[in-house]
Amino acid sequence: MFLITFGNGSSTYSNKTPSDFNFTTNHTQNLQISPGHGRFGLINKVPGNFSAWHSDSLDHTPTDDDGHMFLVDVGHRNDQIFNYKINNLCIGLRYGFSAYFANIFKAGCNAPEPDVRLEVRAAKEDGDLIASKSTGDIPQCNNMTWSKHGISFSPTSSSVVILMLSNVNQSYQDLGNDLAIDDIELRVCSGNHSGLCPPKIKEISVFTWKLRELPKLLEILLIFEQLQQQQRPEQIQQQLPQQQQPQQQQLLLLLLLLLLRRRRRRRRRRRRRRRRRQLQLQQLLRRRRRQLQQLQQLLRRPLLQPALLRLLPNKVSSQGKVILCDLTQPCRNNGTCTTHLNDINQYTCLCSRGFNGTHCEFDHRPCKPQTCLGHGECKETPDLSFVCLCHDGWTGIHCQSRIDNCRHDTCENDGVCRSILLNYTCECLGDSYSGRHCEITSMKITILKIVSKSFAYIAIIAMISVAMFIVIMDILKYCFGIDPTRDDLERIRREKRKSRATQRLVYVDAPLQPFT
């Protein structure tokens with residue numbers, strides 16, 4: 001029904017309040033300092049500022065790291081420590097309420113030992129007491145020792161109030177009555193018990209899937225989905241991905257044909273078995289009707305009464321006539337057979353609750369074997385309805401839905417959340433991340449990030465240097481008239497400038513005499 005462990009955290013004092021756990025208390029909460037008289041705190045270890053306490057002792061919950069507990073200093077007040085209202089209980093069903101208590105004083109301290117009274121009352125104005133029990137004095141020990149105390153009850157109404165009240169020794173007012181409470185639980189008992197409920201025995205089945213198996217799983221699911229839709233092989237072939245190789249398509253098509261043929265064979269075998277059972281049942285019913293008719297005819301014969309009286313002495317009435325109800329037992333499902341007063345060969349079946357029909361063969365009970373689908377326990381309600389008490393990890397009217405612990409995905413760095421029973425786990429991608437929520441980055445990724453940032457910084461500095469060089473050169477040239485490149489430019493121009501050359505014609509092999 002509920003289990004309050006008060007959560008966990010690295011901080012010594014929890015910031016959560018009783019309203020976060022749906023209960024109330026008449027004591028005042030402290031969030032920073034050690035509890036005083038009439039005060040309490042949700043802490044993960046006993047404070048060490050008081051030498052008489054079991055300093056640094058931890059809570060009771062074995063599965064919580066840095067788990068918190070309810071530490072209260074009752075002082076001299078007879079008051080409510082815990083008040084929890086719960087609704088929608090089944091009347092007549094038995095419940096068990098329990099909690100773990102510990103005295104935080106060391107052995108030998110001259111201080112009163114705390115005493116807590118557990119009460120269950122109806123949630124009405126008069127608040128009728130349903131059950132109560134006292135823990136007695138919780139003893140001081142050399143080490144902080146947890147002890148379980150509880151009470152079982154059967155509610156008289158659908159809503160009850162569960163209380164923890166302090167029984168204080170008034171002779172001490174300045175010391176003592178300090179205790180720790182943890183693992184407050186309410187659950188359904190498997191039977192009627194006067195004390196605590198027996199421990200629950202659970203069978204936990206955890207199905208694990210590896211990431212590399214997901215493509216195969218998806219392919220198989222697609223195949224079965226298509227088979228359930230009764231598609232033909234030709235239609236399935238048209239829906240195959242075009243990117244696959246021809247051999248892969250042929251193998252996949254062959255696999256689909258084999259699966260479809262096997263499925264059809266199973267259906268035909270089931271139909272044949274079903275028809276065979278129906279024929280056998282019909283033949284059996286006809287045979288029983290004939291036997292019953294023959295028996296009724298024989299019972300009406302007075303000559304057979306003495307013989308039947310000797311053979312079946314317990315099946316014969318005081319008048320010496322055979323009682324048909326005891327002989328044939330026609331009523332099913334624990335129905336009661338009643339013989340007619342005028343004719344003992346006629347009978348009527350008085351059916352049990354939830355059954356009707358001539359022989360009580362029709363079942364109309366709210367709770368049937370498969371009402372909760374095997375994932376919970378079915379309980380009938382006074383209004384002829386039902387309620388399913390689901391097993392851990394299941395929810396819904398018929399316990400048909402598995403609780404998705406990944407609905408609030410807290411996996412970081414693209415981790416994949418996988419829901420398991422009462423918990424979840426994060427599958428980190430590759431070896432780059434690790435941790436509960438894939439929040440721890442590997443050294444390789446850290447180095448790559450640093451190197452990439454360094455290259456980015458170097459590129460930015462280089463671009464800024466080039467831009468500053470250009471700006472400074474322009475400022476020197478146009479503002480101060482200083483051109484550091486002027487001499488170099490002049491030298492380059494002189495080298496490129498060509499020297500002037502004088503051309504003179506020279507006659508080679510000229511004739512000595514002019515032409516005539």
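Just so it is clear, glycine is given a Cβ too, placed from its N, Cα and C backbone atoms.
In TrEMBL, the cysteine linked to C390 by a disulfide bond, out of C378, C399, is C399. Only one of C351, C367 is recorded by TrEMBL as the disulfide partner of C360: C351. For C360 (disulfide bond), the number of other Cβ atoms no farther than 10 Å from its own Cβ, over all displayed protein chains, is 21. The Cβ of C351 (disulfide bond) has C331, N333, G335, G357, C360 as same-chain neighbours under 8 Å, each 6 or more residues away in sequence.
Confidence in the domain 'EGF-like' (402-439), given as mean pLDDT, stands at 85. Annotation note: C360 (disulfide bond) sits in a coil segment as assigned by DSSP. The domain 'EGF-like' (402-439): residue composition by secondary structure is 0 helix, 13 strand, 25 coil, according to DSSP.
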